[in-house]
Amino acid sequence: MRKSPGLSDCLWAWILLLSTLTGRSYGQPSLQDELKDNTTVFTRILDRLLDGYDNRLRPGLGERVTEVKTDIFVTSFGPVSDHDMEYTIDVFFRQSWKDERLKFKGPMTVLRLNNLMASKIWTPDTFFHNGKKSVAHNMTMPNKLLRITEDGTLLYTMRLTVRAECPMHLEDFPMDAHACPLKFGSYAYTRAEVVYEWTREPARSVVVAEDGSRLNQYDLLGQTVDSGIVQSSTGEYVVMTTHFHLKRKIGYFVIQTYLPCIMTVILSQVSFWLNRESVPARTVFGVTTVLTMTTLSISARNSLPKVAYATAMDWFIAVCYAFVFSALIEFATVNYFTKRGYAWDGKSVVPEKPKKVKDPLIKKNNTYAPTATSYTPNLARGDPGLATIAKSATIEPKEVKPETKPPEPKKTFNSVSKIDRLSRIAFPLLFGIFNLVYWATYLNREPQLKAPTPHQ
């Protein structure tokens with residue numbers, strides 16, 4: 001019996017439709033299962049990477065030198081301690097290297113991991129040469145980041161707070177500038193095994209955040225990077241160095257030290273305008289200003305380390321102290337000559353009272369009696385000459401006027417000393433010249449940034 005062609009076509013259409021629907025129904029669950037198994041794929045990749053991995057061995061052991069590329073992002077810089085010669089810095093410290101043992105193939109090109117994986121693989125033993133104390137942040141979890149690319153390149157980032165040494169040369173204090181270094185390198189691997197390089201060009205290898213400065217007495221001018229080799233008893237090591245350039249702000253010290261010193265010197269010179277006979281007033285001026293300068297000198301040194309050399313501020317205070325002390329010595333000199341000498345100005349003359357001349361007559365009972373002995377001549381012979389002498393001897397004596405001498409000019413005190421007149425001009429002039437030379441020298445001087453050779 002022959003089948004109808006229309007029925008057979010219809011049957012084949014139904015079979016194709018059912019097969020298509022069946023295939024879709026079976027395919028949809030398999031795609032969902034694949035998406036759900038991504039975590040399984042990650043786990044399998046990590047397990048395969050760590051299978052037989054020895055984190056005690058550096059990458060390329062026995063074949064090549066391990067290159068570690070680094071860069072730093074500074075989130076906070078400061079404060080800086082002059083007394084301890086150190087500074088504090090908060091950074092994101094990034095290191096990148098290649099480990100062929102960690103190559104993988106999978107649906108992803110980068111594995112984004114945390115600190116748990118970092119503890120299972122080899123990482124550089126980087127330490128800070130001039131670090132006094134370094135802290136890795138652990139709240140709420142260790143602040144570490146790990147990225148592994150499919151070609152085995154790793155990026156390892158951690159957040160650190162480092163308190164590092166900053167050798168300071170304070171000869172120009174407080175107009176000084178410093179280059180505070182941050183030095184790091186491998187602790188155990190010599191340059192024949194591990195070398196460090198900057199990830200980018202020097203200008204971009206170390207970046208400071210715009211709001212990262214935490215400095216009150218300094219301006220952060222910028223930073224420079226460098227690298228070098230340090231020789232030690234165990235070999236040669238690569239050391240990466242970053243210098244942060246600081247310039248001190250002088251405003252605080254002008255208000256706290258310089259202006260009080262200048263005003264004290266000016267106050268000491270006021271005594272030149274007082275009379276040299278004003279001993280108590282001038283003594284108070286001299287002693288008070290000397291004690292004030294002593295107090296200022298002591299307080300200015302409290303915020304600085306005990307260095308064996310004189311700073312620019314020490315020189316200024318010393319000169320001011322010399323001016324104040326010289327003003328006191330000047331008064332002592334004037335007072336010395338005032339007691340032992342007179343200076344006649346030719347104008348002030350005190351008339352001298354007339355001196356009484358001794359009267360040849362003796363005053364007795366309010367009457368004058370001649371001091372000569374009276375005798376009676378013998379007139380018996382009748383000599384007319386003798387009679388005349390006798391007559392004259394009996395005449396009453398007349399009153400004798402005292403002799404007077406013309407008044408002589410008397411020497412008087414001159415209240416203004418020649419030394420005072422000279423000091424009124426010389427002291428302010430010399431102090432002004434000193435200030436002009438001092439400020440012109442230190443403000444226009446280029447700072448000498450010295451950095452000692454690092455050592456291990």
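Including glycine, each Cβ sits where the backbone N, Cα and C put it.
As annotated by Swiss-Prot, signal peptide applies to 1-27.
Annotation comment: Swiss-Prot describes 28-253 (among others) as topological domain 'Extracellular'.
According to its DSSP assignment, ASN38 (N-linked glycosylation site) is helical. Neighbour count (other Cβ atoms within 10 Å of the Cβ, all protein chains): 12 for ASN38 (N-linked glycosylation site). As annotated by Swiss-Prot, N-linked glycosylation site applies to ASN38 (among others), with the evidence given as sequence analysis.
Around ARG94 (4-aminobutanoate binding site), the same-chain residues at least 6 positions away in sequence with a Cβ under 8 Å from its Cβ are THR70, ASP71, ILE72, PHE73, LEU155, TYR156, THR157, THR199. Per Swiss-Prot, 4-aminobutanoate binding site is recorded for ARG94, THR157.
Under the heading N-linked glycosylation site, Swiss-Prot lists ASN138 (among others). Contacts of ASN138 (N-linked glycosylation site) defined by a Cβ separation under 8 A and a same-chain sequence distance of 6+ are given as none.
Using a 10 Å radius centred on the Cβ of CYS166 (disulfide bond) and all shown protein chains, the other Cβ atoms total 21. The annotation disulfide bond is assigned in Swiss-Prot to CYS166-CYS180 on the grounds of experimental evidence.
Annotation comment: Swiss-Prot describes 254-274 (among others) as transmembrane segment.
Residues or ranges marked as topological domain 'Cytoplasmic' in Swiss-Prot: 275-279 (among others).
Here Swiss-Prot flags 280-301 (among others) as transmembrane segment.
Swiss-Prot lists 302-311 (among others) with the feature topological domain 'Extracellular', giving a curator's inference as the kind of evidence. Per DSSP, the secondary structure of the topological domain 'Extracellular' (302-311) breaks down as 0 helix, 0 strand, 10 coil.
Residues annotated as transmembrane segment in Swiss-Prot, with experimental evidence given as evidence: 312-333 (among others).
Positions annotated as topological domain 'Cytoplasmic' by Swiss-Prot, on the basis of a curator's inference: 334-421 (among others).
Residues or ranges marked as transmembrane segment in Swiss-Prot (evidence: experimental evidence): 422-441 (among others). Tertiary proximity for the transmembrane segment (422-441) is limited to same-chain residues at least six positions away from its ends with a CB under 8 Å from its CB atoms, namely 262, 265, 269, 272-273, 312, 315-316, 319, 323, 326-327, 330.
For the topological domain 'Extracellular' (442-456), the model's average pLDDT works out to 62. What Swiss-Prot lists as topological domain 'Extracellular' is 442-456 (among others), and the listing cites a curator's inference.
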**Item:** Long-range Cβ environment of CYS180 (disulfide bond), under 8 Å and at least 6 residues apart
**Value:** VAL80, TYR87, ALA164, CYS166, HIS243, PHE244, LEU246
**Request:** Mind checking which residues of the chain, 6+ beyond the ends of the transmembrane segment (312-333), have their Cβ under 8 Å from one of its Cβ atoms?
**Result:** 171-176, 253, 257-258, 261-262, 264-265, 268-269, 271-272, 276, 282-283, 285-287, 289-290, 292-294, 296-297, 300-301, 419-420, 423, 427, 430-431, 434, 438, 442
**Message:** Taking 10 A as the limit, how many CB atoms besides its own sit near the CB of THR157 (4-aminobutanoate binding site)?
**Reply:** 17
**Message:** So if I exclude everything within five residues of the ends of the topological domain 'Extracellular' (302-311), which remaining residues of that chain have a CB under 8 angstroms from its CBs? That is, six or more out.
**Reply:** 82-85, 170-174, 318
**Prompt:** In DSSP terms, helix, strand or coil for ASN138 (N-linked glycosylation site)?
**Reply:** coil
**Prompt:** Using DSSP, how many residues in the topological domain 'Cytoplasmic' (275-279) fall into helix, strand and coil?
**Reply:** 1 helix, 0 strand, 4 coil
